[in-house]
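Trainee: Residues or ranges marked as compositional bias 'Basic residues' in TrEMBL: 10-22, 637-652. Among the features that TrEMBL reports, compositional bias 'Basic and acidic residues' is placed at 64-78, 156-167, 182-193, 621-631. Under the heading S-adenosyl-L-methionine binding site, TrEMBL lists C390, C391, A392, P393, G394, G395, K396, D414, D441, D458. According to TrEMBL, the active site, nucleophile annotation covers C515.
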Amino acid sequence: MGRKLDPSRKEKRGPGRKARKQRGAEVELARFLPPGKCGLRRPAAAPRRPPPSDRRVSSRRARERQEEALQSRQKEAARQTARGRSGFSDGNSKWLAPAKAKKTQPKGNHVELSSDGEVEEGWEMEEEEDGSSEEMVDDYGASSSEEEELLPIEKAALKQKPEREGLSEDDSEEEEEEEAEEASKQKMGQKEEEGPDLQLNLDIDEQFKLPTSEEIEKEDILFILFPPAEPPDLHIIHQRIQGNMEVLQDFGAKREEGRSRQEYLALLRRDMAAYYSYSDFLLTKLMDIFPLPELVNFLEANEVPRPVTIRTNTLKTRRRDLAQALINRGVNLDPLGKWSKTGLVIYDSTVPIGATPEYLAGHYMLQGASSLLPVMALAPQENERILDMCCAPGGKTSYIAQLMKNTGMILANDSSAERLRSVVGNLHRLGVTNAVVSNCDGRQFPKVLGGFDRVLLDAPCSGTGVISKDPAVKTNKDEKDILRCAHLQKELILSAIDSVNAASETGGYIVYCTCSIMVEENEWVVDYALKKRNVRLVPTGLDFGKEGFTRFKDRRFHPSLKCTRRFYPHTHNMDGFFIAKFKKFSNAIPQAQKEPALEAAAPSATPDTIVTEPPAKKKKLEGSKADKEQKLPQPALKKKHSLQAQKRPLKA
């Protein structure tokens, strides 16, 4: 295949047909020289152009050299005219005479471009026998000088009369510095003059002016009729919110005359609803719960997701071993806090947290930090019977089994059969063996099974505490949804209390929790349970968290609601949560008192009220007498009634 290369055979290679040597500079330049002046030396590099900082000095030196060359030319011209010259006429002797000037350039050849774009060449000739050297003239009679090296602006400066010929280089630098200082002083003076005006403008801008109701109505009408193509400027709305809050914090000093506080609050609510995308109803509820500075912090915290947290499954591993295994996989983590012995917070990870071998082996559970708190408040003991009424997806149930060390019995109930699938999967993965899963309605649960030592009720709610997870809550909740959830929660909490055995040696506790911050779903429900059942509130055992409300607007709740705990995303960096812990002291159900005077004297909210049991024996006796009378024949009944009438005393 093809010719093979023989390394022993070497072919001679030379210049090709087109590779011709270029003639040297001596041959080319000899054509422009006279016949006797052909001795050229080795060409040297062109002279280096001075840097821009030394151009002023170089221009002064060039001017001096130009004057010297001019004087020498004049002397030579006078000398030539005096003695005459062969080969030239008197008319041509002036411009054909070669100029004798001192050579200022280095020896060698240099090529330059003139202003006309022509090439100027200069050569240094060999010294003659008498030691004199002459500068050669090119074809056009122009000798090479440093004048062509100058910039156009420098040439213009040479034409003007120099005012600083006697100044040295240091003096010129000092003058430049003085001029720069004067210019800077002038600028500073202008800034100082403009300073008060600028400050005055800032003060004017900082004053918040409330728009009139007519302007607001016009904006609303225009927005409805002609919706803008672009969304509103959020920066302007944010500035208006800040200005409005500053006025509200010092309302007496900063408010406009003739404007009420309600007008400022209405504008603030309108701007916040537009800036944070909340419904007017929900924002009104939040403004009733939080003070204004805290409200902004809460709204900002809902825009940021909560940190990812996991709970160590101590049934299979220890937290130290789990943390080391995850760190080896590229997970950046830290302990959750001093209050938790099993929690870890995940900052970032190179692997998916929900698909590691440790997760699949059941060493940990992905669970929010706020979901650990209800189980810690419940404090389950070993060998107890515990009911988790709303257990899906199984995080709290597995935590209870972990604290009980797989002893006793846990009944995990949920009304949704689809959600129970995740519960079963998590319990199998985590190694829980003491749990029984049921699918029943929690409101009917005491009829199914009762007598539990402890009950955990994580009631379904509106989800206003987990807005960072579900932003749709901002707009899809209204008053009906809140009241519907509150009614369901009241039914569930009564059912949970009835499922607990008050005579339990170690238990008798109920923990009620929601992931909502609405008062209607938390304190209102707890106060209702205190009135309807023989329970009282006890401390939750949690060292942090804010106390629950004992009064809200025109409502007054039981003073023991201080034992409840509220958790917020902007203060505790976890989902919004509410926790209350009850202790049941009697299995009897109190009866509603009919007389309003007794209700006013002894309110039913106090848990220590004495309840009288219904007279069941009297009812049984009356029922037995009626049955006997029905069994007797009619003549016997007539005789009996006549005897009873005789025994009664006659009235006067």
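Placed from the backbone N, Cα and C atoms, the Cβ positions cover glycine too.
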Trainee: Whole-number answer please: how many Å between the C-alpha atoms of C515 (active site, nucleophile) and C390 (S-adenosyl-L-methionine binding site)?
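Mentor: That separation, Cα to Cα, works out to 13 Å.
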Trainee: Considering each pair of residues in C390, C391, A392, P393, G394, G395, K396, D414, D441, D458, all listed as binding S-adenosyl-L-methionine, report the largest CA to CA distance in Å, no decimals.
Mentor: 20
Trainee: Taking helix as H, G and I and strand as E and B in DSSP, count the residues of the compositional bias 'Basic and acidic residues' (64-78) in helix, strand and coil.
Mentor: 15 helix, 0 strand, 0 coil
Trainee: Provide the number of Cβ atoms within 10 Å of the Cβ of G394 (S-adenosyl-L-methionine binding site), excluding the reference atom itself.
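Mentor: Result for G394 (S-adenosyl-L-methionine binding site): 28 other Cβ atoms within 10 Å.
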Trainee: Could you tally the C-beta atoms, other than its own, that fall within 10 angstroms of the C-beta of C390 (S-adenosyl-L-methionine binding site)?
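Mentor: Here the count is 20.
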